[in-house]
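If you check TrEMBL, you get these features:
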- Gly137, Thr138, Phe173, Asp258, Glu259, Val260, Gln261, Thr315: pyridoxal 5'-phosphate binding site (BINDING)
- Arg176, Thr314: N(2)-acetyl-L-ornithine binding site (BINDING)
- Lys285: N6-(pyridoxal phosphate)lysine (MOD_RES)
Amino acid sequence: MRNQALSGQTSPLTAPSGLDADAALAELTGSSEDWLRRYGSSLMGVFGTPQRVLVRGNGCTVWDADGKEYLDLLGGIAVNALGHAHPFLTSVISSQLATLGHVSNFFTSPTQVALAEKLLALSGAPAGSKVFFANSGTEANEAAFKLARRNTGTVSPDGAVQRTRIIALDGAFHGRTLGALALTAKKAYREPFEPLPGGVEHVPFGDVEALRTAVDETVAAVFIEPIQGEAGVRPLPEGYLQAAREITAAAGALLIVDEVQTGIGRTGKWFASEGVLPDAMTLAKGLGGGFPVGALITFGETTSSLLSAGQHGTTFGGNPVATAASLATLHVIESSGLLAQVRDMGAHLRAALAAVPGVAEVRGEGLLIGFDLDPDTAPAPAGGTAGTAPAPAAVAPAPAAVAPAPAAVAPAPAAVAAALEAGFIINATGPHTLRLAPPLILTRDQADSFVNALPGILAAARATGTTGKTEGQS
């Protein structure tokens, strides 16, 4: 049997008699109302009430349990890089699962090694660089947090370490596990779980001099997102990342770039930080094309040696199916010229959005786009008229959302609800800010259909007067 497997012969195992996969899935029927009722009685409410019950997808389109069609302009929050049910991706996953689905990390597999080699090549990694695989961006950032803790600097005879501080930016989102949450800046996410792991400080977003002042020989690492997606799609100012590289190098601190949302072609480049070589980089979201996978890349032998055998691990990270899905995703992006398409489509979509009345500012790169709504978009306050809500503060370097007056309704969540009714899936990251992160295969016709519908969506948001909620989850 071992020789047969090694020679590539198929396993004699077949599905037990009477079991039919299609029939089993077909039994999962019901209306949206029924599924939402069952959801409420069986799942934790950490996400609130689901907006819809989705049952099927193809390309950039999904359908709910009642048969309604939606253009998915969120892509699972920048996850579905190739859209839904991409034929090559599903074929590779199915083939790998039928060959070898999971092994412990006491062993390796060809797909795991090949994916690590591919990521090192795409990132221009120098000799001695390594990869650690996880299941998500949060897990990758948690591994990076532990990596930072190992950059101790000088250790005194009594065991005290020199480097105890970690720097992150205001507006940062790095995840919700305790280490990643310590790096995350949002007060509402942090407070219920304090005290968090100590030593993390947040400095003003985009302020090079503030970073320079904060970083000295007591800092182990600086964590930076090239574009802060959760904070409203806020790109770093030109030159900031290069300055951060120079500042951290001079102080002996690690520069760790979080590309969980921006990596794998989302900005029209493999990585938004291209041109700056950090000490480490984290990836996830689009890497698996919808399949759970995350990665920590360490650049150079010195950084790669900080975590040694037994100091970190994972059960599922880097499993054969996840790494096969990632290889398939990278292959399609590369062979189909999607990077250039993302750059072109992103430029077209941002320009078109900027011309829509009611849109105040458009930001982003490639197909990671955020846009603020003009105060006149706000639904009418109680007893008032639309347009009387106070204007949000001018966009400042620090990506702080501006709360509406108590009597006014935030326009962005209302626009999300109106967009759903119109057949579009989008996301609100703040009271006045919407985010788009569609599949990289988005067509011009699909992009234009949303732009053409947006004036009506904003008008419907003004008319509803419903509060909605801010839904920036990652």
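Note: Cβ is positioned from N, Cα and C throughout, glycine not excepted.
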Worksheet item: When neighbour density is defined as the number of other C-beta atoms within 10 angstroms of a residue's C-beta, which of the binding-site residues Gln261, Thr315 has the lowest density?
Response: Thr315
Item to complete: With Thr314 (N(2)-acetyl-L-ornithine binding site) as the reference Cα, tell me which of the recorded positions Gly137, Phe173, Glu259, Val260, Lys285 is the closest one.
Response: Gly137
Fill in: Alpha-carbon spacing, Thr138 (pyridoxal 5'-phosphate binding site) to Arg176 (N(2)-acetyl-L-ornithine binding site), which is rounded to whole Å
7
Discussion item. I need the CA-to-CA distance for Arg176 (N(2)-acetyl-L-ornithine binding site) versus the residue listed as 'N6-(pyridoxal phosphate)lysine', whole Å please.
Written reply: 15
Item to complete: Round to a whole number and give the Cα-to-Cα distance in Å for the pair Phe173 (pyridoxal 5'-phosphate binding site) and Lys285 (N6-(pyridoxal phosphate)lysine).
Response: 14
Response to the item:
Cβ-Cβ distance under 8 Å, sequence separation of 6 or more, same chain as Glu259 (pyridoxal 5'-phosphate binding site); the residues meeting this, in order, are Glu225, Pro226, Phe271, Ala272, Ser273, Met281, Thr282, Leu283
Worksheet entry | Spatial separation of the residue listed as 'N6-(pyridoxal phosphate)lysine' from Val260 (pyridoxal 5'-phosphate binding site) - C-alpha basis, Å | 6
Worksheet entry | Lowest local Cβ density (other Cβ within 10 Å) among binding-site residues: Thr138, Thr314 | Thr314
Discussion item. For Asp258 (pyridoxal 5'-phosphate binding site), which of the three DSSP-derived states applies: helix, strand, or coil?
Written reply: strand
Worksheet item: C-alpha of Thr315 (pyridoxal 5'-phosphate binding site) to C-alpha of the residue listed as 'N6-(pyridoxal phosphate)lysine': distance in Å?
Response: 19
Worksheet item: How many Å lie between the Cα of Lys285 (N6-(pyridoxal phosphate)lysine) and the Cα of Gln261 (pyridoxal 5'-phosphate binding site)?
Response: 6
Discussion item. Taking the Cβ of each of the recorded positions and counting other Cβ atoms inside 10 Å, which one has the highest number: Arg176, Lys285?
Written reply: Lys285
